[in-house]
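Per Swiss-Prot, these features apply:
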BINDING   Asp41, Glu65  Mn(2+) 1 binding site
BINDING   Asp93, Asp96, Glu222  Mn(2+) 2 binding site
BINDING   Asp96, Gly97, Thr98, Tyr128, Arg173, Pro174, Arg175, Asp195, Gly196, Asp197, Gly219  substrate binding site
Amino acid sequence: MNLKNPETPDRNLAMELVRVTEAAALASGRWVGRGMKNEGDGAAVDAMRQLINSVTMKGVVVIGEGEKDEAPMLYNGEEVGTGFGPEVDIAVDPVDGTTLMAEGRPNAISILAAAERGTMYDPSSVFYMKKIAVGPEAAGKIDIEAPVAHNINAVAKSKGINPSDVTVVVLDRPRHIELIADIRRAGAKVRLISDGDVAGAVAAAQDSNSVDIMMGTGGTPEGIITACAMKCMGGEIQGILAPMNDFERQKAHDAGLVLDQVLHTNDLVSSDNCYFVATGVTNGDMLRGVSYRANGATTRSLVMRAKSGTIRHIESVHQLSKLQEYSVVDYTTAT
């Protein structure tokens, strides 16, 4: 390889990456509704780690399962892939919505995002971010520092609807009580979700969904993954880091981060050559979940590439005998 001109991600990478999220969804799918989120998440991590190392790339996990001493696999800074091919930053969430998965509730998904090496934002252990995300019609029209009503009116105008027809998806958390009140005072509707704000943001950017905006404070890693999706869909995300304690504030200071800076889509992912891949674990607004039958299973995935603007919906039929290769989980029974 010419180190001065390393390979850049190409269209083939997207189809390799979807195999990774399919494996994670299949591994965690057997744990849906069983009330065991750690076991289900662990199965997804195992499967994702196994499959991601078969992908032709020189990947580095930028957004993973935690620091090296906290996560045995898919930790921040871990090198993944075959060691050949394009050099990429990787962001993973083997199960976005572990509680949703454990309780058998909608919108649990397995996610992987990728971009050219060195182009993903590193939040330096600041785990939360105030966020707003919208679809293509309202991109460039929102301002995270403006009042809630301003953004609702801007989205309504850009979509040609009344503010009363705008639906805002918000994580159901005590910290959002005032935000929810502001949304309703502006005349808009609120859709509360218990987990999974990546799925909420993607739903807001899809024409076929009845969600128009995602607002609120959620995970910074999810914000970066969402930025990859917005790049692919033509939407927009804005964020402001929201450290929860002095330790996070110090980590941000040590890393040279500006806490009151508005982070735009391009700040979170600076490359236009990026990918977003997701496979449904449970049925949801964005994707249907894994469905099992006697001799195998079916998965539904969303595969997007920003450079080409291509969005693919993929339904895959998997043979039961092959599923056993993905994880230690027994796919024949829910043990």
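Using the three backbone atoms N, Cα and C, a Cβ is placed for every residue, glycine included.
Computed from a predicted structure; not experimentally measured.
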Mn(2+) 2 site, defined by Asp93, Asp96, Glu222: further same-chain residues with Cβ within 8 Å of the Cβ centre:
Gly97, Ile109, Ile111, Gly196, Asp197, Val198, Gly219, Pro221, Ile225
Looking only at Asp41, Asp93, which of these binding-site residues has the biggest number of Cβ atoms within 10 Å around its Cβ?
Asp93
If you measure C-alpha to C-alpha, which of Asp41, Glu65, Arg173, Gly196 (binding-site residues) come within 10 angstroms of Asp96 (Mn(2+) 2 binding site)?
Asp41, Gly196
Including all protein chains shown, what's the count of other C-beta atoms within 10 A of the C-beta of Gly219 (substrate binding site)?
20
Candidates Arg173, Arg175, Gly219, namely the binding-site residues, that fall within 10 Å of Asp93 (Mn(2+) 2 binding site) by Cα distance:
none
For the binding-site residues listed here (Arg173, Arg175), which one has the lowest count of neighbouring CB atoms within 10 Å of its own CB?
Arg175
Ten-angstrom check, please: count other Cβ atoms within 10 Å of the Cβ of Thr98 (substrate binding site), all chains counted.
24
Using Cα positions only, nearest of the binding-site residues to Asp41 (Mn(2+) 1 binding site) (Arg173, Arg175, Gly196, Gly219, Glu222):
Gly196
Across all chains shown, how many C-beta atoms besides its own are within 10 angstroms of the C-beta of Asp96 (Mn(2+) 2 binding site)?
24
